[in-house]
Structure formats: structure tokens, C-alpha cells
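According to Swiss-Prot, the features are:
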{"type": "BINDING", "residues": "Arg62, Tyr203, Lys209, Arg329", "note": "substrate binding site"}
{"type": "BINDING", "residues": "Lys209, His228, Asp265", "note": "Mn(2+) binding site"}
{"type": "BINDING", "residues": "Lys209, His228, 244-252, Glu293, Arg329, 445-446, Thr451", "note": "ATP binding site"}
Amino acid sequence: MLSRIEQELAQLGITNVKEIVRNPSYEQLFEEEMKPELEGFEKGRLTTSGAVAVDTGIFTGRSPKDKYIVYDETSKDNVWWTSDAVKNDNKPMNQATWQSLKELVTHQLSNKRLFVVDAFCGANKDSRVAVRIVTEVAWQAHFVKNMFVRPSEEELLNFVPDFVVMNGSKVTNPNWKEQGLNSENFVAFNLTEKIQLIGGTWYGGEMKKGLFSLMNYWLPLKGIASMHCSANVGAKGDVAVFFGLSGTGKTTLSTDPKRKLIGDDEHGWDDDGVFNYEGGCYAKTINLSEENEPDIYRAIRRDALLENVVVREDGSVDFADGSKTENTRVSYPIHHIDNIVEPVSKAGHAKKVIFLTADAFGVLPPVSKLTPEQTKYYFLSGFTAKLAGTERGITEPTPTFSACFGAAFLSLHPTKYAEVLVKRMEEAGSQAYLVNTGWNGSGKRISIKDTRGIIDAILDGSIEKAETKELPIFNLAIPTALPNVDPAILDPRDTYADKAQWQTKAEDLAGRFVKNFEKYTTNDEGKALVAAGPKL
């Protein structure tokens, strides 16, 4: 069996492999990570929870400035390329540079003992991608075993990869300046060869999000919605999806003891319903407590993998310590959460679509009900305030507009995702809501208790019975009272000692929305949506 894999690696340019450790068991991975001779970022440290902790060095988040896609016949007309007018992370790379990076990575992985993990991205058999991850680092193999859908023994026998990720985190590119690249580190994709190359960065999320960018390329072209969201399902089969950027509450709010989790970050929506791309969760752990997030806290045990947390002398973890990064993380297989959809992470069509935003300006209401036009407008706007540390160099809250709540991972033009999502919503008769998990005039973050009360009201339908009023400037319909939610917070103006303060901030934020949306007004469809946005 291994000789076949050796041949397949040789075709990629990885030769003279000393040993192939294919799809190692968790037990085997644990032994590998604990080897005393390991050095640097390869080293795992056992914590009192039973989970292993690793460090990823200076890269404690993704490196979007180092992301490139090969510009060729396959990609040139489909990819949403960066431009001077509208910048994004899809930077073009020529064939010669790709070839040189591929040689660097295959040279690095040749003559080594390698971990090869074969897995699936996507829980639906007809749209999933068979992916092979090749790495020399045990914990990276552990990360992808946690995060992707684990094949059965039988599926492994006839496994043919559709896509290969070659992780050469130990190698950097000495010729980056001459090649016109951003730095010696690189995350590059070739849609024709169906390969991702990683060099210089050890951050686990590059492998996870790399595959997400690919699903975001392939699926919408087939009419399947591809979404940066979490999803869960109630006892009656009612499905909800939660869109939101990092740190807005996707994982926390969808992990709900009353509902079964479909997944916490990446989903597709096809003719049968909503399905997870992944086989695990990648949760932020900064300030994690058992009281606030019991399911995630308890998921941190043997087989979970902690990243960049501070481990005390006695092996316990200080979750409040963000000295390495605010973006501390844990990956764990989805079965570490008790309440999940089994055996396959998928369910029916979503009736409730929730857009999560963490508004650092203290302007947006904790919940509002969106019209179909507002749904498109706020989906394309993708507003939040970036929270500390999910990307390198960001520690203060700053406003960000990220199309479709995931611009960093969009391979096609944002309007394509909006079009496919809204079509799915119309067919299913879904309703969208904008939920602010950020701040208000009190200067404090809206409590997780109130936010959970709001989510409950959306999911059990009681929000539909609530009286609403219109918030000026943004023209959003806000409920005047909801069960188990402090009524004093529902209208953000009431949280300010002086309502004129809200007005000033609201005008400022509205102006930012309007300016950001200008990039979508180059066609009639975009122009028509302007009316759904804030009015100055």
C-alpha cells in the first residue's frame, strides 16, 4: 500500500522518503508529539487536561499578505483578484515563481520521515474533496486529523486525493524580493495542479483555511452556497446558521446544550440542506472558562491540540494569559462535543440565518430583523470590529468590512456568494437577523447571557411575536422586549447617558458603511441595494 503513496509523492517531486506514517492514530500522534528529542516548534507539551500544547512561533494567526494564487487559464476568469480599487488577499503568482516554491517545498520534504494524512473536506459524499496533507511535523498531522473529516478504513483503501497540501513550514523562500513577493513566507495555491504550498509559517490554521478557500472556489460554481458560519439544529429539525468573523461568537453561540451542533466554522448549503466541511472545531481559548463555555472547556482533553497558550509550571493552562497572542486556539475532533449531529455532520435547510457582528463603536442594536434587501446589504458589508490578535499586528479593536463575513477566504466575487445564499434562503423561506455581540453605550461588552437570550428568542420564534420599532439612520427593525433579555439594552440609544452621543457615533459608522459599499455599486444590482443601507 505504501509503495503506491510513495509513487504518488514522487510524482509531486517528494523523493527518497525514509518512512511514511499514514493516517496515524491519536495514540501514535501523542507518542510522536511527546518525543523528548523534539526541538523548537515541533515540541509538544502535555497539559493537566490531557491535551497537548504547541507553539507556532511568530505566526500566531494567518498571514494573508503572503497568500497567492497561480494566475493561469483555470483561475484567470473565475478568481476575485485583488486590484488597486478593491484590495483583497487573492494576489496573482506566475508559473515560474510557483515552480520555484514547489521545488523548495518538495526538496524540504524529500529524504525525510513524513506524515501523510488522507481526509475529506465536506460531509456530503457528492460534493466533498479528498485531500492529502503531507508534513514532517507530528502535531500538524494531529491538527488536520482533528479538523478534517476522518475516512473509514474502507475509504482509505481506494483513496485518491483531489487536492494535496504540502506543508513545508521549516523552509523559507530566499528569492522573494526578486520574485516581487511580500516576504520569505508563502501560502500559495495552484488550481490547475490542485496543490497548496506552505512555507515559513507554522500556524495550523493555514491548512484549514486553505481548504476553505478552495471549497469557496469550487462549490458556488456548482450553485452550492459556501459559508463562513457555524450551524446547529433543534429537536424539531430546525436549522440555524451563524455567520460572523473571528471573535464574534460563532463557536460559542452555536455550541448550545439545547441544540445539536452541525459545525462551528465552515459549511455548504445544497439541495439537501446544510453540511459541515470539517470533522473538528477550532475554538478561540482566550479567557475561556468552564462557567461561560462549558462544552468547549470540556472538549479540551486528550486528543485536543492547544496552540500558543501559556502553560504553567505544573502543566495547567492559564487561559487568561494572552502574552503570546490574543488568538490562542484549540482544535479538537467534533465528537469531543456531546451534542452533535451524528453520524454525518449535516441537516436540513436553514430557516434562521444569523449575522454576528461585534460592534466596537457601540452603535448597532443587539438584535434586529432584516428585510431581504437588508440581508444582502449586511451580508456584502460583513461588518465587525476586528478583535485582538486573529491576524498578525492587530491588537486594538478596529472597524472592518469583510464581504460575506469572510472576505479573506472568498475565491470568487462576493456578489456570487450573496446570490447563491439568498437563492437558498428564498427557496427555504428563511429569515435573517443582525446580532451585535459587541459593545454599547455602557462601554461594556453585551453580556453572553443577554446574547444567548436573544439567540433563544430567534430560535424559538418568540422574536416574531415581539413588537418592533425602527432605529433611525440604520432603519433597522428592533424588538422592544424579549424574554430573558435586559430590555434596557435593546435600543442602543438607551445605553448612553446622552443620546446625542449615540447619534454622533451612528453618523460616523453609517458613513463608513456607505463608503465601503461604494465598491458594489458598479452594477445595477449593487446600486439597488444602497437604499437598504444606512441613510445619512
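Using the three backbone atoms N, Cα and C, a Cβ is placed for every residue, glycine included.
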Cα-proximity to Gly244 (ATP binding site), 10 Å cut-off, over binding-site residues Arg62, Tyr203, Lys209, Arg329: none
Cβ neighbours within the same chain of Lys209 (substrate binding site) - under 8 Å, at least six residues apart: Arg62, Ala408, Phe409
Around the Cβ of Lys250 (ATP binding site), the count of other Cβ atoms that are within 10 Å: 27
Separation of alpha carbons, Arg329 (substrate binding site) and His228 (Mn(2+) binding site) (Å): 18
Pairwise Cα distance for Arg329 (substrate binding site)/Ser246 (ATP binding site) [Å, integer]: 12
For the substrate site built from Arg62, Tyr203, Lys209, Arg329, further residues of that chain with CB within 8 A of the site's CB center: Gly61, Gly204, Gly205, Glu206, Lys208, Tyr282, Asn327
Sparsest Cβ surroundings (other CB atoms within 10 Å) among the binding-site residues Gly244, Thr248: Thr248
Ser246 (ATP binding site) to Asp265 (Mn(2+) binding site) - Cα separation in whole Å: 9
Rounded Cα separation (Å) that holds between Asp265 (Mn(2+) binding site) and Tyr203 (substrate binding site): 17
C-alpha spacing of Tyr203 (substrate binding site) relative to Thr248 (ATP binding site), in angstrom: 21
Three-class DSSP secondary structure - Arg329 (substrate binding site): strand
Tertiary neighbours of Thr252 (ATP binding site) (same chain, Cβ under 8 Å, six or more apart): Ala283, Asn292, Glu293, Ile296, Ile448
Reduced DSSP assignment, Lys209 (substrate binding site): helix
DSSP three-state assignment (helix, strand or coil) for Lys250 (ATP binding site): helix
Remaining residues near the recorded Mn(2+) site, that is with C-beta within 8 Å of the centroid of the site residues Lys209, His228, Asp265: Lys208, Phe212, Glu266, Gly406, Phe409
